[in-house]
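**Q** Let me begin by handing over the structure; questions about it come next.
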Amino acid sequence: MREMKRLAVIHTGGTIASRPNPNGPGVTPQTPPSVPGLPGVQVTDHQPFTLPSPHVTPTHMLTLAQLIETLAPTHDAVVVTHGTDTLEETAFALHLLLRTSTPVVLTGSMRHAEAASWDGPGNLLDAAQVALHPATAGRGPLVVFGGDVFDARTVTKVHSTAVDAFGGYPGPIGRIDRVGETPQVRFFASPEPRQSFTPVQLGARVDILYAYAGWTGEGYAEAAERADGLVIAALGTGNLPGELLPLIETTEIPVVIATRTHAGPVIPVYGYAGGGATLVEAGAIPASFLNAHKARILLLVLLSLGLNRDAIRRVFVDDPF
Ligand SMILES: NC(=O)C[C@H](N)C(=O)O
């Protein structure tokens, strides 16, 4: 007889666990969903916390990583349900923190359990079947949403209400569809080597500043004073107004430059004051393809490990992550 597969489902809240609030306005996370129809699979449910994802912090992400590491040796796969607003930050944190090779898939929903168009059960079944599929091993944590399979490094929420809420350049790395009840899982990319980091806490403070036309550095000095590291969602390939250059030159803490555009890398092209080449010369660290909020997660992991600015630069610039 074929052995039952073991799937751990970790519920953390979000719209997929939400319904109208009986005591007040709006919808709130209440009851976690169950995975619909998975014959031959033994499912165990875990609920480390039940939060709307805007309330999820890096400390919750670390707790989740530790729970996954304890469940992984006795399970074939792990699914995490999560609110969609910060799902990509948790997915990327898990990408950095997890050492296990047990497949981990995150999902959520855009419509709550009492909405006619609730997308929770479909996404949850998709996530479970992708997680249990043999081709999923070795890919690091994935996000499955609307049938698309995304890499944790590149996935981003691209729509505030649509059911197909996730995308991100260069797009999905796989897809799940069904013929009858049989899942058809296809991947379009090969697994890549990853390194993992093991901080015991994520207590560093990293603030994000958002660049705009006419920014002369408002808020920069205060942020540099209170934080252990800064990320700037900069313009284009990683450029800023000229007024920012002297501020960055005199900043001792790591300053990471991401782009506020929705695709493409940060590269040191421009040599005018505040251009990317001058910022890198002034000590700023380019975030490559990471968006600002994922660059923040990497920076706070590295700061929490006690790495200095040069070591942090090496991880951002040289190492696969
Ligand atoms: N669709 C969702 O899950 C959004 C919700 N505000 C959350 O992130 O918790």
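FYI, residue positions are counted from 1 along the chain as it appears here.
Even glycines carry a Cβ here, placed using N, Cα and C.
Sequence annotations record features per position, and here TrEMBL assigns active site to Thr15, Thr84. Taken from TrEMBL, the feature active site, O-isoaspartyl threonine intermediate applies to Thr15. Taken from TrEMBL, the feature substrate binding site applies to Ser53, Thr84, Asp85. The domain 'L-asparaginase N-terminal' annotation in TrEMBL covers 6-177. Positions annotated as domain 'Asparaginase/glutaminase C-terminal' by TrEMBL: 205-316. What TrEMBL lists as region 'Disordered' is 13-33.
What's the neighbourhood like for each of these?
**A** A sphere of 10 angstroms centred on the C-beta of Thr15 (active site) encloses 26 other C-beta atoms. Thr15 (active site) carries a helical DSSP state (H, G or I).
Its Cβ taken as reference, Thr84 (active site) is surrounded by 23 other Cβ atoms within 10 Å in the chains shown. Secondary structure at Thr84 (active site), as computed by DSSP, is coil.
On the 0 to 100 pLDDT scale, the domain 'Asparaginase/glutaminase C-terminal' (205-316) averages 98 in the predicted structure.
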**Q** Using DSSP, break the domain 'Asparaginase/glutaminase C-terminal' (205-316) down into helix, strand and coil residues and give each count.
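**A** The composition, in the requested order, is 40 helix, 20 strand, 52 coil.
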**Q** Around Asp85 (substrate binding site), how many other CB atoms lie within 10 A of its CB?
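**A** 18, counting other Cβ atoms within 10 Å of Asp85 (substrate binding site).
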**Q** So which other residues, same chain and not among Ser53, Thr84, Asp85, have a Cβ within 8 Å of the centroid of the Cβ atoms at the substrate site?
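**A** Surrounding the site, in chain order, are Gly14, Thr15, Pro52, Pro54, Val56, His82, Gly83, Thr86, Leu87, Gly108, Lys157.
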